[in-house]
Amino acid sequence: MIKVLDEFLREHQPDVFSRRYAQCYPATQHYLRMGGRSTERLYNFMDAQFFGQISLGKPEQNFTVVFDTGSTDLWVPSSYCVSQACAMHHKFKAFESSTYGHDGRVFGIHYGSGHLLGVMAREELKVGSVTVQNQVFGEAVYEPGFAFVLAQFDGVLGLGFPQLAEELGSPVFDTMIAQGLLDEPVFSFYLKNNGSSFGGELLFGGVDETRFVSPINWVPVTQKGYWQIRLDVVKVQGALSFCYRSTQGCQAVVDTGTSLIGGPARDVLLLQQFIGATPTAVGEYLVDCVRISSLPVVSFLINNVEYSLTGEQYIRRETLNNKEICFSGFQSIDVPSPVGPVWILGDVFLSQFYSIYDRGHNRVGLAHLSEESKISV
């Protein structure tokens, strides 16, 4: 059983790139157009990652991408890619598109498994019902490591600030704003982690008032690049607290491209011990499933508003050989200076709240989900 569990963990761990992308299944595209807004349907793989579909070129070539607030670039595999990983994915065929614009500059993006390398190009991009002209993107010609072979999504569409970009040129959301395609310079995520294939919605151009209840807690971005905000304190029910020693609190990155909640190794190790989580050979932590209902509440105080997660919300359940396995939703991520140390508020956190990303005012909004959103499928 131990050997089978180790193999299962290696294939299903959310930490695919050491930046928490996970395997995804290709999906058909569903979207709704409302004036200068576009709703992109998201799909859910094992409550570990949320993804949707875009298209590039004429005629359209479809790709499955992670919509990632923790990076800024758009890339998909190139038909000239030489890596084993590319054989498993949709590849962009420049020679089949009448709207393709050659650029020729090279780019590299560093992941935990190595450097992804490619060449830059320009192309017509469709995201939901929005068509973006002359968008800069990367054609990956080398994808490092075995992680990309396991990952079944094709690429990444980054929604971070331009300061984070590895490619030269306007990021997708900046291009949408510059081309006047949106009502507001805002996008918002409703993530659904109910174990079904419906993973929620990403709305470009505003917020969906039916998905949350007021008020919205607006938190200023403290440093442009990531969607980085101040985190006042992290509390574990009646026993532990982190960040409290500093009058400045901690920094946190709101990151849809990270599956779990990350924090400094020293703090997270204490937290894992307190909830009774035991480590596995590949770095995941397991919890006895029968103890979930008695686990402590973990709370995050942000801008004087408390966001609390129960054990049912921060533990991930998966099944192996008809046996349920329960994983801790916390992981150690030591981010080096000058950005670190920080906490990473990934999908385990974001799936419990409605999150809004406002480039016009450089702020993040958080709100509690409406009752309808908690039960919709």
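Glycine residues also receive a Cβ, built from the backbone N, Cα and C atoms like all the rest.
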In TrEMBL, Cys243 is disulphide-linked to which residue out of Cys250, Cys289?
Cys250
Cβ-based isolation winner (fewest other Cβ atoms within 10 Å) among the disulfide-bonded residues Cys86, Cys289:
Cys289
Give the distance between the Cα atoms of Cys81 (disulfide bond) and Asp68 (active site), rounded to the nearest whole Å.
23
Of the recorded positions Asp68, Cys86, Asp255, which sits closest to Cys243 (disulfide bond) by Cα distance?
Asp255
Residues near Cys250 (disulfide bond) in space but at least six apart in sequence (CB under 8 A):
Arg230, Leu231, Asp232, Val233, Val234, Phe242, Cys243, Pro341, Val342, Trp343
Quick one: among the active-site residues Asp68, Asp255, which has the most Cβ atoms sitting within 10 Å of its own Cβ?
Asp255
Looking only at C-alpha atoms, tell me how far Cys86 (disulfide bond) is from Cys289 (disulfide bond), rounded to the nearest Å.
37
Restricting to the domain 'Peptidase A1' (50-367), what is the model's mean pLDDT?
89
